[in-house]
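Trainee: So that we are looking at the same thing, I have put the structure below in structure tokens.
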């Protein structure tokens, strides 16, 4: 093959297509679809993906540039993933390069560097020449200041300095230095004997190697530790020819120091067996089917997953298990590693870039056959997939909010169709869309209505916080919750307290004039964080110190409103001074391994109360937890989002599911200011069916999913009028060109009307069947492409929005 079609690493509308490159003779027969290459593009060299190799090019009459270099020896993307990338960019209206990069770990994304080189015979002033190394090269990033940059620029224009563009990977393979003897044991003994007393450390190394088996290789760090020596001693012995060194690649394994207790399959209950049987039959017949496994919390869904995977692996096939990021607890990893050992790769955001890269390479090299991971693990480069499982399928974190804005569930179904294998969606509170599909027979519904071993569902009490206020209780803890906490701790049992937000106090307010500090770049109030006494914007990252006086009226009466985890922790220590509390939130778990340490400490009984935000709502299973308290059930209910009632019911049901999962019965106390709302009322009886009927009636009335599909077009500009006018034109174009059944809402200012100094307007498109919608939206992007490329106007399109803010 003589030519390669390459998608280059440039995210603009004009360049969103394959370019032809000539394959040089020395790379012929080596370049394959799915490989990464370095190609010249304009004045620079950039990374690209090979989408096809072919005999001839339509441009063969013109001068076609050559592929510069090959970055891979085997394709990093399989043929199936290459096809999937086209579907993904089409479905999400994203650039082809963006879709391709979404499938790979960050380590494989290119790092670009400009290198400056002194031209032959150039005469440079000493202050410039001094900056260049012995090889007469200098990295652009190493230029010390603007004055030097100006000087260098002049010499580049004169031709004294050449500029070249380099492409590198972000992470390298981890290589470990190994040491072994370079002589026989007799020779080593003889040399050791001839050494003086001053060379005792050299003797120690030689004696150690004499005691080891012949030809053994030992990591240099281990050798130094065992013989109490340094690398300088090793270097001396290498120079003497007695030792030799070699470098071997090792994986960065986040679990290498952990022992996983081997587990055996558990006997299934009759209900579990009835749910497992249809999955087993589908696996045996190699057909594609989507199952919705609707099982109450603690009903044994994980055991069904494990036994299904066992079947898949026994057939020599591979499996993907997706778990929400916050459910990827050590407990969850233990379940899969305990059953399948070294066949498991784990991928989540807690791993370093290098660790993620190494887990991906285990999959790519076919060294593992099961991946357990968060959203992006759906792109694991398996070529013989036998099953995909999505646990907690209702979780909104399966939807990516940046381009490409894909939903992992849709990608899973697409991949499973290709591999002719089943998808299992599991949840105690499925999305209305999934449950409606199961009711229509698009998915097959499997139900688990009881907890395993006949354990009862926890008793749920609702506490009306308005009544508490009327009765003079101004505390964030109701009388009932305080009594239950004291009783639980007195019995030596544990409690989980859940708060539906993060941070210390939600906002700061002046009690005299009502002023609330807003982010200067976004239309959103700043969040107060007590550690460091800072106000932070969670949208753009802006930070500032807490004001001591009001910037508006100079009053000193500044008050902190809201109840964040830090504040709750302080209150707890006042009202229950002897209680041991572990707080889990973004601040306490930001350091690597902190999440695991805190959960292990709680599991070992080192605390009475686990206090936290969303991250403690799922996947935790502690036998001694008998009480769950929800401090603020209403937070998610009052967000301007058509899914707010659904999210509230899901969250409260999931949190309630943490109580009484073993022998001891559980109790849940939910504090609320809106106890009559059906999403809160129905949590009491764990009644998903009734909630589904209620919410479906509301969605039908309001023309929301699953009755209609949604698309969201958001326009932003630094000038409010430009954003509004552009959004108005887009809405007008859509209204004129969409079908009569399609509804266009807006344009209106987005709920958060300004982020990072850009004003935001949005249009919501509600449609049942709109075959031309994708083409119409592409036309809009095409029409505004110049303004978009110049960053004047930004238009984002979300074909299945989960965030309406």
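Please read every residue number as a count from 1 along the shown chain.
The backbone N, Cα and C atoms fix where each Cβ goes, glycine too.
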Trainee: Would you please say which range out of 391-394, 395-398, 399-402 has the annotation motif 'DEAH box' in Swiss-Prot?
Mentor: 391-394
Trainee: Labelled region 'Linker' by Swiss-Prot, one stretch among 111-166, 279-334. Can you tell me which?
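Mentor: It is 111-166 that Swiss-Prot describes as region 'Linker'.
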Trainee: State the non-local partners of the motif 'DEAH box' (391-394) in its own chain: residues 6+ outside its ends, Cβ under 8 Å from one of its Cβ atoms.
Mentor: 292, 301-302, 305, 321-324, 327, 409, 425-427, 429-431, 434, 618-619, 650, 654
Trainee: Between the binding-site residues 298, 513, 550, where is the Cβ count within 10 Å the lowest?
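Mentor: Counting other Cβ atoms within 10 Å of each of the binding-site residues 298, 513, 550 gives the minimum at 513.
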Trainee: Could you give me three numbers for the motif 'DEAH box' (391-394), the DSSP helix, strand and coil residue counts?
Mentor: 0 helix, 1 strand, 3 coil
Trainee: Any idea what DSSP makes of residue 295 (ATP binding site), helix, strand or coil?
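Mentor: Looking at the DSSP assignment, residue 295 (ATP binding site) belongs to a strand.
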Trainee: For residue 510 (Zn(2+) 1 binding site), what is the secondary structure by DSSP, using just helix, strand and coil?
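Mentor: In the DSSP reduction, residue 510 (Zn(2+) 1 binding site) maps to strand.
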Trainee: Counting Cβ atoms within 10 Å of each candidate's own Cβ, which of the binding-site residues 297, 299, 302 comes out highest?
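Mentor: Buried the deepest by this measure is 299.
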Trainee: For 510, 553, listed as binding-site residues, tell me which one has the smallest number of other Cβ atoms within 10 Å.
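Mentor: Among the binding-site residues 510, 553, the sparsest Cβ neighbourhood within 10 Å belongs to 553.
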